[in-house]
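A.B. asks: Positions annotated as site 'Important residue for binding to potassium channels' by Swiss-Prot: 1, 7, 9, 11, 13. Summarising the annotation, Swiss-Prot assigns disulfide bond to 2-16, 5-10. Feature annotation from Swiss-Prot assigns site 'Key residue important for binding to potassium channels' to 3.
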């Protein structure tokens, strides 16, 4: 996955693609 989610927050990962 390219996104990391925790406690209702989702962020795109810096090293993706």
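Using the three backbone atoms N, Cα and C, a Cβ is placed for every residue, glycine included.
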A.B. asks: If you draw a 10 Å sphere around the Cβ of residue 2 (disulfide bond), how many other Cβ atoms fall inside it, taking every protein chain shown into account?
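C.D. replies: That number is 9.
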A.B. asks: If you measure from the CA of residue 11 (site 'Important residue for binding to potassium channels') out to 10 Å, which recorded positions from the list 1, 2, 3, 5 are inside that radius?
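C.D. replies: The recorded positions passing the 10 Å Cα test are 2, 3, 5.
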A.B. asks: Do any of 1, 3, 16 (recorded positions) have a CA within 10 A of residue 10 (disulfide bond), and if so which?
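C.D. replies: Within 10 Å Cα-Cα: 3.
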A.B. asks: Between residue 9 (site 'Important residue for binding to potassium channels') and residue 3 (site 'Key residue important for binding to potassium channels'), find the distance joining the two CA atoms and give it rounded to the nearest Å.
C.D. replies: 10
A.B. asks: Ten-angstrom check, please: count other Cβ atoms within 10 Å of the Cβ of residue 13 (site 'Important residue for binding to potassium channels'), all chains counted.
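C.D. replies: Its Cβ shell of radius 10 Å holds 10 other Cβ atoms.
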A.B. asks: Counting only residues 6+ away in sequence within the same chain, which have a CB under 8 Å from the CB of residue 1 (site 'Important residue for binding to potassium channels')?
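C.D. replies: Listed in sequence order, they are 13.
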